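> Below, the features straight out of Swiss-Prot:
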type	residues	note
REGION	1-91	region 'Disordered'
COMPBIAS	7-18	compositional bias 'Low complexity'
COMPBIAS	22-38	compositional bias 'Basic and acidic residues'
COMPBIAS	44-72	compositional bias 'Acidic residues'
COMPBIAS	76-91	compositional bias 'Basic residues'
MOTIF	82-88	motif 'Nuclear localization signal'
DOMAIN	96-148	domain 'bHLH'
Amino acid sequence: MTKSYSEESMMLESQSSSNWTDKCHSSSQDERDVDKTSEPMLNDMEDDDDAGLNRLEDEDDEEEEEEEEDGDDTKPKRRGPKKKKMTKARMQRFKMRRMKANARERNRMHGLNDALESLRKVVPCYSKTQKLSKIETLRLAKNYIWALSEILRSGKSPDLMSFVQALCKGLSQPTTNLVAGCLQLNPRTFLPEQSQEMPPHMQTASASFSALPYSYQTPGLPSPPYGTMDSSHIFHVKPHAYGSALEPFFDTTLTDCTSPSFDGPLSPPLSVNGNFSFKHEPSSEFEKNYAFTMHYQAAGLAGAQGHAASLYAGSTQRCDIPMENIMSYDGHSHHERVMNAQLNAIFHDS
């Protein structure tokens with residue numbers, strides 16, 4: 001009986017031990033399965049945490065950018081490369097670069113001024129007291145080249161007046177006077193716009209008395225008046241006739257004074273290094289004052305003016321009347337009054 005009991009107990013213990021080992025094996029397998037399933041879950045959680053952190057960082061960056069944009073509304077956003085720090089070497093390079101640029105500009109201006117000075121010596125305009133400006137020099141050179149090209153194209157010697165008008169086209173009045181003085185002409189003789197502006201009764205007087213000195217003075221310029229002309233350099237000028245004013249005082253008709261004759265219009269001057277040559281020069285007799293030869297009989301004056309007859313008993317007398325006292329722009333009536341006053345003073349002077 002005891003043997004059987006012990007055997008049964010041994011069998012029960014063996015069965016219980018086998019069941020325990022099976023349970024241990026099964027529990028270990030379950031733990032392994034749990035570990036295998038929990039690992040991806042943990043990885044997923046870690047990934048979610050990283051994504052959340054990244055998302056938070058992105059949101060922070062966006063907020064910072066928005067704040068910067070709000071701040072940029074008040075100040076303009078600077079573009080381009082960042083400003084480098086100024087060092088001594090960079091400052092020295094900048095200084096040398098600036099000095100080289102200044103030297104290049106200085107040389108360029110010196111060359112331009114030298115070229116303009118050479119051009120001033122070639123164009124037909126020279127003055128010791130007045131120097132042409134840059135724009136006037138270029139305009140005069142352009143007109144001079146165009147006029148010479150027209151002469152070469154036509155092959156004929158042009159009229160002096162047309163040549164001077166083409167030469168002075170578009171120039172200012174002081175430059176025109178300088179050109180006229182260099183060519184020994186009066187600006188009033190070849191400027192049609194001046195004669196158009198004058199009244200009709202003054203145009204004839206201007207044409208008759210163009211031998212008067214003419215000067216043009218511009219305010220603001222330091223140089224003396226330009227283009228002062230002498231009567232000895234005016235061509236084709238016919239003085240006013242004073243014979244009709246003297247006829248009432250004498251028995252015979254007086255002859256009018258005539259100007260010396262010239263060969264014709266001069267050819268345009270040729271400029272070679274600033275020297276101008278003409279075909280011929282005006283006569284020296286033209287430099288003298290106009291002389292009025294008065295022929296009268298001594299017997300004709302004896303009845304009315306006894307003392308005047310004894311004073312002017314010669315056959316012919318020569319009377320020189322100053323031109324500055326006669327020549328004016330008032331018309332014929334003023335000249336007649338001047339002549340009457342002078343003759344009365346001569347005849348009644350004792």
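Even glycines carry a Cβ here, placed using N, Cα and C.
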> Using DSSP, how many residues of the motif 'Nuclear localization signal' (82-88) fall into helix, strand and coil, respectively?
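Helix, strand, coil within the motif 'Nuclear localization signal' (82-88): 1 helix, 0 strand, 6 coil.
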> On the 0 to 100 scale, where does the mean pLDDT of the domain 'bHLH' (96-148) fall?
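Mean per-residue confidence for the domain 'bHLH' (96-148): 89 out of 100.
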